[in-house]
Structures are given as C-alpha cells and as structure tokens.
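**Q** This is the feature table in TrEMBL:
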REGION    B:1-21  region 'Disordered'
TRANSMEM  B:33-51  transmembrane segment
TRANSMEM  B:72-100  transmembrane segment
TRANSMEM  B:112-131  transmembrane segment
TRANSMEM  B:138-162  transmembrane segment
TRANSMEM  B:182-205  transmembrane segment
TRANSMEM  B:236-256  transmembrane segment
TRANSMEM  B:290-309  transmembrane segment
Amino acid sequence: MPEFTSRRGLLFGTAAVGAGAFLTGCTSNESSDEPASNDQPAADDKPGKQVTIGFAGPQADHGWLNAINENAKSRAKKYKDVTLEITEGSNDTAAQIGQIETLINKKVDVLVILPADGKALTQIGLQAMRADIPVVNLDRIFNSPQAYRCWIGGDNYGMGLNAGHYIGEKLKDKKNARVIELAGLDNLELTQQRTQGFDAALKNYPNIKKVARQAADFTVESGQAKMSQLLQAQSNFDALWNHDDDQGVGALRAIDQAGRDDFLMVGGAGALSAFQAIKADDGVLKATVLYPPTMAASAIDLARALGQGKGVGGLAEFEIPASLTLYSAVVDKENVDQYMSTGFK
Amino acid sequence: MTQHASPPRDDTPKMSPMEGPSPWRALTARADVRTLSLLGVLAALIIIGGITKPDQFLDTRNLQLVLTQASVIGVVTVGMTFVIVSGGIDLSVGAIVALASVWATTVATQEFGFLGILFTSVIVGVGCGLVNGMLIAYGAMVPFIATLAMLASARGLALQITDGSTQVVTVQSVLDLGGRDSYILGIPPLVMVFAVVTVIGWLLLNRTTFGRRTVAVGGNAEAARLAGIDVRRQRLYLYLLSGLCCGIAAFLLVVLSGSGQNTNGNLYELDAIAAAIIGGTLLSGGRGTIVGSVLGVLIFTTITNIFALNNLQSDVQQIAKGAIIVAAVLVQRRTAHTT
C-alpha cells in the first residue's frame, strides 16, 4: 500500500497523532470546586458495633444521582464503625438484581437500595428481608412494605406544593398574575406528582392562573428547546417554575438568548449552578425547591442505626421510623449559604 | 416496502454519466414530485400554525427559533442521508454528538477558548466516524452492528468524562455566538452553518463523482465494484462524513445550550433517520435527496413548535407526531405513484 508511506500519508499521520495527543489532554475535568457533600455533624458519633452496609444504586448518569453516590460514600467515611460495600451502578433491572444478590451472599449487615425501578426490584427487597438483612429503601419506593424496613425519600408532590406557595406569596398582590411551568419528563410518575402539587398550591391564590405548561426531559438541550418555545408562546407572564435545575441550565440559556427578564423563576432539585445564580441574584432565578441528595447520607445514618439496634438521635423512639419523607425546602437568597455545600454538579 | 422502489435501484449504475438517458430524467421528475409533496405538507403545517396562533407563529423571532432548533439535528441528518443513500446506517450519531459536546466542554478544553472547543468537537466527531468507517469498510462489519457498538462506547466514554455532571461553558465568545447580538441580517449564525452544510451536501451528492459513487454503492455495491469504484474506500469516507457532521452539530449544540452533557443528542439517530425517510431517502440505499431530508427536519421542528405554542402536552404531541410521519409518507407514495 504505497499511500501509507507517501508524504501526504505522513503529514496526515502526524496531524492525527498530534490531534490525538491534544484531545487526550482535553478530557481532564479537574477544577478547584469540592464535590457535592454534607457537612452536618453525624448524629451519633460514638463508635459502636462494626456495621457493613451494602449500597446499590442506578447508574449515576446525571448530577443528582452522582451526588447520591458521593453523599453515601462521604457519610460512610465519617463513621469509624461503618464499612461501605458499594456496587457499580446499573440502570438494568436484571443487572441490579444480580448486584444485590451478591451483596446478600456476602452477608452485609444492612442494605441501602436505590432501585433503578422500584416496582421491578420489589422481589429482591423481599428476598433480602427474608435473609434477615434489613433494607433501607432509598427514594424510589418498592411495591410492598414487606420489602423494606425503612423507606426514606424525597417528596415530589411537596416540591410542587412549595414551589407553588413561594410563587403564590410573591405574586399575591398582583392582579391577573400569569404563571408557566416547565415540567420534567412526562413519562415519569414523579413529574405528574410535581405538577399536581404545584396546581394544588396555586389554587390558594385566585388571582394567579397557570397559562402554559410544557414538558422537557431533564436534559440541558431539551430545557433550552422547550423554554425558547414557551417564551415565544407567552409574551408576558410573571413567574416560571422549572422542575429540574439540570434542564434549568438550558432554560436559563433560552431566557438569556431571548433577552427576557420580566418574570421570576423558581427551580427544582438543588444544583450547585442554581445555588450560585440565586446567591449572585443577577438573573431571573430567585429560588429553587430541594429534592435533597443528602438523603443518601441520611440513609447511611439509618442503616448504621439499624445495624447497631439504635433509634434516631433526637427522637424518643427506640427504633428508627418505618418511613421518612424529606422536606422540599425552598432555597432563596436568604438561606442559600446554608445549602451551598449540598449543591450537585 | 422496498419492492416498489427496486426499478430505480437497477438503473443506478447506468446513470453514472450525468446527462443520462430517460430513466435518469424520470428519476429526477419523481424526486421533484416528492419534494413538492413535502413542501405541501410543510405549507399545510404553516397554515395550521398561522390559524391557531397567528401572533406567535407568524413572527420573525419564531422563524429564527424554528430554524435554530432545526440546525443541530439538520446537520446530523445531512450526514445521515449520505450514509443511508449508500445503503448503510449510522446509529451512533446521537452518541457521537454527546461525546463530542462533552469532550469539547471539559475544563481542560475550555482553557483553549473558542478554537479549542470548535477543534475538539470536530475532531472527536471525525475520529468516531473514522473508527466506524474502518470497522465497516475494512473490518467487514455490518453497519448496524459497528455503529451500535460505537453508540454504546461513545455514550459510555461521555459519561466517564462528565461523571454525569453538566459542564457549563464559560468561554464568552462561544456563548455570544448563540445570542441575539450575533445575528447577521437577522440570521442566527447557527442557521448559517446549517445552510452552508446543506448547500455543500447538495453539491456533493448531486454535482460530484463522490455523490454519484455514493448512489452507485447504495444501488448495487457489486455492480459499483465491477464498474471500478473502490467501494470500501467510499464507505470509509461516508462514515467519516457522517462523523464530521456530528462534530459540527455538537459544536452548534454547545453554542446553543451553553453546555455539554452526556445526555445530549438523545435519540438523534431516530430523528435523523425519520427525517431522511420522510424526505424520500430509501432505507435500502440508492436513492435520497438532501433537500428532502432538510424538509423532513423542518417538518418535524415546525410540528414541535406548533404544539408548544398551542400548549399541547407530551402525550398528544407524541401521538400526533407518529400520525404525521405515516401521513407524510403515504401522501408522498401516493403522489409518486400517480405521476
């Protein structure tokens, strides 16, 4: 093959190698920012019996899930008496079942499971409970209460409710106020719950009307696309609730591109970029409602308490609760500093 | 489905000389009818949009918006059209867009500024296309499998680079390019890139030996080989071209969304294939037009726009989208057969 030794071939070859070398250098994402974390002091730092906690979650393919893993790891590290066995995340039900079975066979003391799909993984929860390994079910709930000892998770309805109340209070003195909603992926039940909560809260304010709703799919790209169409459709409105801060990056980009700043925006979930924008207070984003990834840290606390047969510090009970729904706090300029370290990227 | 279309395929090797005899003319006439019926569908959509939301739909800003939204997937579709015309398929386009956009927006790349981001997106796209092309042309892999493998690994690599986080672009010149201030004579720069890619694509397919070889390979690869075309090299170039288009699209997406995310380009492969098919490109190869594909993209984008302006929800949108794809193809087939 003469072409490969020709001068042209040599030139292209050198250029390709050079480009490759350049590109390899370009994959680095090192920056000075700390990852999402939790700084709250551990509830009961007194070391107790050694506990091995098995943790199985879905593939961390977006910021919130990544923060879940980070929170679990960093919390476990705070306890000298906790060993964390964390599995490679998977979105495949069968793969996740396999990983959990491995954890059961290893005879971990407690399991913390964030199922890729709660309904589909119920059986493995039951199996673990039958093998006398108590399960802390994180966020996506199993079908049967017998499949877990304790459920801890976020409140999607509450997110909508709190976003609606925040917007309602801001607009309560405004006649014929108009509100729009940029929802998340409509195929998910949680999106419907968020919307129901939002609508329920807005009912308390007869002067406010929700004039438009479009669903994006949690990606920046879809947030930009749907928001730019919403802005085109609604030449004036007073407030916007966006379900998710990741797609909010795209939504803010669309708002910027359209040159609009005549309304207030509330986000959802609690991403670091949203917290920073709220703190800087130089744009439309004024608040965000939490769906806190710190729940993974709390799940480790609960699992440790289970393993050591203790209750939760601060409550009178001898046992940990069977179910814990976390509060979807509204983070605005007033309290953003407190939450800053929990923001995920 | 492909039965009806076999006559033009048999003719393709013969039409290599540009000013061919009557079969070639018949083919162009038919293509024109297809294009006209697509324009008809688009016109009908515009009328629907104009009636339901006259103020918001028939507005310069909205036109800019629709064209901008179309430009990313449009550039991908141009590359995809070449691949499909050659009888292949590229399932990895969405994943390549994701990987290129992510690689171009890492902290390290952003230090190189505008050109660093542009160069990285294009080179990553070309690199993925090169791997696809080598596997298919010289590794004798079926395009479906080779590009499926690329889909999986490119998405995986994108996830590995980002760790799932959203990489926000801080290079001001890149951000500015997506803003209203950078419009030239009211035309957004993204739309210009889309237009240039379309024109080059059209010229390449219709006015060059490269284009005629592509059609010939798609029509009948064996006949093309016997006619002296280096089929393998042609295939390599085609997947490179598709990769290049993905790289350009990734840059446009970075400019548009101001960020890189591993979820970018979700299901682009299906959108691009659907747009090409609606545009009259034969999935088995040998026939296809750039104009048709671009019209296919515009039809999709306009539908989405009209739905959003009318505040219709996702469920209705998806049902209607499916119905419109079927309707558009049926209308085309009808008109193509009656003439």
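The backbone N, Cα and C atoms fix where each Cβ goes, and this holds for glycine too.
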**Q** Which range out of B:33-51, B:72-100, B:138-162, B:182-205, B:236-256 gives the transmembrane segment (B:290-309) the most CB pairs under 8 Å?
**A** B:33-51
**Q** Select the range from B:33-51, B:72-100, B:182-205 that forms the most Cβ-Cβ pairs under 8 Å with the transmembrane segment (B:138-162).
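**A** Highest pair count goes to B:72-100.
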**Q** Does the transmembrane segment (B:236-256) make contact with the transmembrane segment (B:72-100) through 3 or more Cβ pairs under 8 Å, each pair 6 or more apart in sequence?
**A** yes
**Q** Same chain, outside the transmembrane segment (B:72-100) by at least 6, Cβ under 8 Å from its Cβ: which residues?
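**A** The answer is 120-122, 124-125, 128-129, 132, 136, 143-144, 147-148, 150-152, 154-155, 157-158, 161, 190, 193-194, 197-198, 201, 204-205, 214-215, 217-219, 221, 234-235, 238-239, 241-253, 256, 261-269, 271-273, 275-276, 279, 281-290, 293-294, 296-298, 300-301.
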